[in-house]
Structures are given as structure tokens and as C-alpha cells.
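According to Swiss-Prot, the protein has these features:
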type	residues	note
SITE	25	site 'Discriminates between blocked and unblocked aminoacyl-tRNA'
BINDING	30, 81, 83, 129	tRNA binding site
ACT_SITE	35	active site, proton acceptor
SITE	108	site 'Stabilizes the basic form of H active site to accept a proton'
């Protein structure tokens with residue numbers, strides 16, 4: 001797989017997504033925690049694309065290489081822990097000469113309830129350390145994000161602090177809602193890989 005295979009025509013209406021990044025923390029202690037929602041979706045997308053994650057130490061992450069309609073697509077799960085996710089994203093994007101607009105980051109979102117999801121390009125990081133580090137590594141906030149709602153302890157009537165909340169598993173009803181959202185996201189990814197962001201947005205936000 002050669003880096004130049006990921007370059008897209010400058011005449012394209014929109015740059016299709018070529019790197020999908022799931023955010024989370026590595027290791028069995030974190031597998032089921034809310035902060036790993038991005039990993040959960042990345043795993044399902046790898047299954048959908050018939051790709052397998054393998055450790056690539058040079059990119060500081062688990063990388064899956066897929067093909068979609070004749071084009072190369074990368075999936076990444078950084079193993080740097082959440083706060084240093086940008087190290088892996090930046091290394092992979094630079095090697096394959098990907099523009100920030102070709103990067104889609106999947107992450108947990110405190111400001112959305114379980115069962116809610118929003119997609120956007122650019123914007124702030126709202127205190128999410130993974131997004132903050134990626135923004136610093138890419139030198140811009142102009143990458144795409146799929147924000148997977150996990151709720152906030154305050155809105156869910158829990159006494160936990162946020163740092164504790166995100167490192168615990170969702171309750172059963174919350175997990176069911178998150179799983180439903182993951183399936184909705186899986187359905188729109190083909191449009192994102194074609195560069196049809198308008199269709200993906202309509203499909204995701206009207207489901």
C-alpha cells in the first residue's frame with residue numbers, strides 16, 4: 001500500500017474520508033468504559049469493511065487497512081492513551097499525505113445523551129483531551145467528528161465526577177442506546193467514504 005494511493009483529485013467536490021480514528025484507551029481495564037465508545041464503533045466499522053486491526057508500533061496504534069469501492073481506507077485505534085491520541089493520528093496522516101478534511105474521528109460526547117449522535121467538521125474540543133491533542137497534531141480543527149452521546153453524570157442524575165464517569169461502563173439501558181447509535185453511524189459511513197457529506201448528515205440526523 002503506497003502513500004500516494006490515498007491522494008484524491010483536487011477537482012473533487014468534497015474530499016472523501018480516508019482515515020477513520022476511533023478514540024479510547026488501550027487495554028482490558030478500559031474496554032467497556034464510556035470513554036472507549038470510539039473504539040467500539042471503529043471495531044464494528046472494521047468488521048463492515050472486512051479489515052483486521054494489527055499493531056503498527058511506528059504509528060503508535062492498531063491499524064486496519066481496507067478497500068472501499070477501489071479506494072484505500074485506514075482505520076486507527078491509538079494505543080497512546082486518550083490524552084496523546086494526536087501522536088498516532090498525526091504520524092499516520094503525515095505518512096499517507098492525508099488532509100485533515102479526510103480524517104474522521106469517532107469519540108464519546110458528554111454533551112449528548114446516550115442514543116444521540118451528531119456529525120460536524122471543525123469546532124472546539126470542549127475539554128475532550130483526545131480531540132485537543134489531535135487538533136494540535138494536525139495544526140487545525142478542520143477534521144470531521146462523529147460525536148457519540150454518553151451523557152453527563154449531571155444529566156443522568158449520577159453523583160460521579162466526570163473523570164470517574166467516563167472510566168466506568170454505561171448502565172445497561174445506556175449501553176443499548178449507544179449500540180443503536182453505533183448502528184446508525186455504520187449506515188452512513190459509506191456516504192462519507194464517497195465524500196457525500198450532505199447525504200450522510202441527512203441520514204444521520206433524521207434517523
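The count begins at 1 with the first shown residue.
Keep in mind that glycine also has a Cβ here, set from the backbone N, Cα and C atoms.
Fair warning: this is a prediction, and the values are worked out from it, not measured in the lab.
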Between residue 25 (site 'Discriminates between blocked and unblocked aminoacyl-tRNA') and residue 83 (tRNA binding site): CA-CA distance (Å):
9
Including all protein chains displayed, how many Cβ atoms other than that of residue 129 (tRNA binding site) lie within 10 Å of its Cβ?
16
Least buried by Cβ count (within 10 Å) of the recorded positions 25, 30, 81, 83, 108:
83
With H, G and I counted as helix, E and B as strand and the rest as coil, say where DSSP puts residue 83 (tRNA binding site).
helix
Measure from the CA atom of residue 35 (active site, proton acceptor) to the CA atom of residue 108 (site 'Stabilizes the basic form of H active site to accept a proton') and give the result in Å, rounded to a whole number.
6
Within the same chain, and leaving aside 30, 81, 83, 129, name every residue whose CB is within 8 angstroms of the centroid of the CB atoms belonging to the recorded tRNA site, in sequence order.
25, 35, 80, 82, 84, 85, 130
Sequence gap of 6 or more, Cβ distance under 8 Å: name the residues on the same chain that satisfy this around residue 35 (active site, proton acceptor), in order along the sequence.
23, 24, 25, 82, 108, 166, 167
Measure between the Cα atoms of every pair in 30, 81, 83, 129, the residues the record assigns to tRNA, and report the largest value in Å, rounded to a whole number.
16
